[in-house]
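Take a look at the structure set out below.
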Amino acid sequence: MTAQKSKYFNRIMTMNTLLFSLLTVGFSQAYADVVLEKQVKITDDGLHFDGKDLNHGNIDSADPGEKYDFFFGPNISAHGDAVKTYKHYVFMTWYKGGKSERNVMLSRYNTQTQTIATIEFPHRHTGFRGNPLIGESHNTIGLAVSPNNGTIHMVYDLHAYDDNNHDGKFKDDFFRYSFSVENAADLPDDQFTLDKFVKDTSSISQGPDDYKHISMTGDIADKSNFARLTYPKFFTTTDGTLLLYMRLGGNNNGAYVFNRYDEETQTWSKFTKFNENNQKNFGNPYNWGLYGNMKYVNGKLRVGFQQRSSDNNDRYQYQNGVYYAYSDHPEGFGDWKNHKDDEITYPLVNSDEIKVLEPGDYISHQEANSVYIVGSFDWTVTKKGDVHFISKVRSTNRSRPDYEEEYLHSYKPAGADEFITTTDFTGASQIYTAGDNIYIVGLKNGRPYVERAKGGTNDFVRVYEATSGPVFDHGTLYIKDGKVYYYLMEKTSGNAMPLYLQIIDLDLESEANAPQVAFPSTSLTVEQGYEQLSLGIDATSSIEGRTIESVTLYLNDELVRTDTTVPYLFGHASKPHETGAMGWKDEHEPNPNPLGPGEHIFKAVAVDSEGDTGLATMRLTVQSNAPMVSFPTQLIEVDEGYEKLSVSVDASSSVEGRTIESVTLFINGEEVRTDTTIPYLWGHGSKPHETGAMGWREDHAPNPNPFLAGEYVFTAIATDSQGEQSETSMTLIVNGEATPPIVTWPNEVVTVTEGYKRLGITIEAEASSENATIESVTLYRNDELVRVDTKYKWNFGHSFAPYEFGAMGWLETHEPNPSPLLAGTHTFKVVAKDSTGLEGEAFMTLIVLPPAGPSISFDEPDIELMTGYESLSVSTYVATVNESVDIISVALFIDDVLVRENLEAPYVWGDANHPNELLSLEVGSYEFKAIARDTNDQVSEVSLLVSITLFGDFDGDNDVDRTDVRAFSSAIRSGEALDQRYDFNEDGVVDRSDTRGLTKICSRPRCAS
């Protein structure tokens, strides 16, 4: 769909007389006071990454010393879903600094007693892909407290891990979930301790002090449901149910998944997908990932995101679009709809079903990868149902001469059919809601500020800004019951920095009773010297019985006047100057202090009969009467030794009767010459050297001081007949001797496995001079010519030339490469040649590894069963070494006897289609072996031990006799948990009355005696 577009422009008033009546369309909502209620320091030792921002090219150079290098970003504490409230407590998660500590921490602040209790967990941040020398900012700690049973829940320190990736470093530890016993959240400070959290005592526990659980269901057999997840975020529904959402998969092939907490069983459900990943498998033309959030707002589970497509040849460098959906199911398990309330496919496959708008439409670029839509994206929904998105779009290349950038605010007021999109928005990274308002909360010069607007509008007003106190580096926040809980890290130094909590009261209660105040418009533009500006203020109370006592007007925070009678009119004929106007009647003396050029803020404060106040603001822009002056262009580039440069200046006055007296040119602050006649021209034939040129006519002597390579700022100052001045600037870049093209590989080192099917690489090549173009890019392999490419894009190894990097080929039309690259190290060189004949080169190392077999693991731990068992199934997780290799089959053997060979996933035995194939095993131990074979003919295997014991054999002697009967009776008396199969009399419990049933299966006579 096409969203409604609306670009807002201030109205420029060309007449000198203005009269604003109460009928003028426009509105600015009244607001009560927003105040900092409390600030408290939580710790001095929050972990922060203070080293280098690494990438895949220098990942092996991490600092082993004190500096903490990082991947993705420097923030990990006061980051992510790290602050929540429960009753009168505020809970905060963080990692302990410095670099050698890294423990997971949980702090609880009691707002009544002002005390802080902190728990230190044994787990330490494992670092980027398991390297503790490199911090990873994505490994945040998600936090929730159940309002229904006081349990605390944390998911942390993970980024799409599973048993097999990153060299198996996260085997049996790829998901980290910790939870407390009931009512731990309320305990006194001295009892708020680590032992209130439940240890992992499963067969894959990491040790006696392991508080991390790999599954949230309570069953480690479900662990595969918790693999490859990132970005934990908890929600609380209107009835107190906890939900958790995470991202499954990667950047351009992912899904949002969520699950639910059951207070009765104190376990969580398995994850449910909002959308499918691997969307091509479900008929979509491409795979896509999500960059945004799932949120529970206004009583519903919702999603809002930008899409990152696997199509790398569209005009978007990374993300595109704005997408939105919501669920009418109380916990999101179905009934999903788009913003038009149309039902959508669930799980979602085609994202176009929920597309709202395309930010890329707000700039003009159409070339491949020319549009950049990353960052400054968020969304929210108000209590009454206004939907708001903020986003940013810009040119990918910041250096291009036609660079474009727009901040967008797209909103759909409750009850509206379409979204309104405005570029009259200064931008933000997050947007929040409380009640019917929307908020922007952030840091300015390191201190918090709050801006607020009524939902369904773009009328943002700054209602709070701190001007003193600590200077902060970053923070994350949570809004609850009209208060902002802003969790912040102070900007100091090192890898252990202080953490603070600020509680900011949004004063929603007072706002509900506050008078409603409105200017005729939220903004206005006038010309300098305007004669009349009459402002009628509308002030009313929505509370029955209340009246407006007064309206006070302020101009730039200076008191103008208080009016106590309707109409509340300022700048009328008796007081023409109070709004900055000159005056318009014959009896009006000219204003001795008119408003000068620039922006000015009018503020109206209304007081009602109960003393409650409301305010509104209006921005007035006064345009200057100074001359208008401009160069033809803002940037000129020439080559060193240029012969001619004539520079003209356009200067005029917008005020009738005024003329331009002179224009003076300065270069790098040094005066060149003043010109008093049109055209205002420098560097003409009579003065060829004044702009740094050599001269171009035979009668021109060579310039003894020509401009050398560098940057020069030309400034023109125009003066009009009233002595008013304006200036403008232009930059001249003098290029030195031409430099060769810049050519780069996406990665300087690429590693593949022998037999790889596909390797295509696009080379970046750019001429150093703006006047030159790239004519060709030539590829060499181990110093042998591969191909000369003369057409952009510089793409090698594509489907029409699949063998250029030694690959086998991947399409049905590709014959197998007769000379593939074998295991070893190979050097590739590209040479870019520009239109001036200059050449630049770059090298790439291709490492071909010997073929590796697939990775395979059983999804189950070792199994123990008793004879007579009724069901048994096992499954394997199998992955190839890379996407170019496929699995041919997985076969299961029991003690080297083939059970069945599976030719396609899922690789399960004993499933519904083959329920009996693993039954009837006799007493003994069996080796279950799964063997996987891939298209490289590589084989890997994994084994599982299955032990079958005799039903009723308690002493392990392979028969059932009186000794076993006595052992059974003893177990009953001591209260041991026994298998439900021993409930012989089928009364629902295993007790002494079942002893007779055991005697009936004795394998020896006189068993009961």
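Using N, Cα and C of the backbone, Cβ positions are placed for all residues, glycine too.
For the substrate site, Swiss-Prot records Ser137, His138, Arg308, Tyr372, and the single candidate of Tyr156, Tyr286, Tyr291, Tyr326 listed with them is Tyr291. What Swiss-Prot records for the Ca(2+) 1 site is Asp210, Lys212, and among Asp200, Asp222 the residue it adds there is Asp200. Arg308 (substrate binding site) and Asp314 (Ca(2+) 2 binding site) have their C-alpha atoms 11 Å apart, to the nearest angstrom. Separating the Cα atoms of Asp314 (Ca(2+) 2 binding site) and His138 (substrate binding site) is a whole-number distance of 28 Å.
Nearest to Arg247 (site 'Neutralizes the sugar carboxylate group at subsite +1') in space, judged by Cα atoms and limited to the binding-site residues His138, Asp200, Asp311, Tyr316, is His138.
Cα spacing between Asp210 (Ca(2+) 1 binding site) and His138 (substrate binding site): 22 Å, rounded to the nearest whole number. Taking the centroid of the Cβ atoms of Asp200, Asp210, Lys212 as the Ca(2+) 1 site, the other same-chain residues with Cβ within 8 Å of it are Asp173, Arg176, Ser178, Lys199, Ser205, Gln206, Gly207, Tyr211, His213, Ile214. Distance between Cα atoms for Tyr291 (substrate binding site) and Asp311 (Ca(2+) 2 binding site): 16 Å, as a whole number.
Measuring Cα to Cα from Tyr316 (Ca(2+) 2 binding site), the binding-site residues that fall within 10 Å are Tyr372, out of Ser137, His138, Asp200, Lys212, Tyr372. The two recorded residues, Asp200 (Ca(2+) 1 binding site) and His138 (substrate binding site), show a Cα separation of 24 Å.
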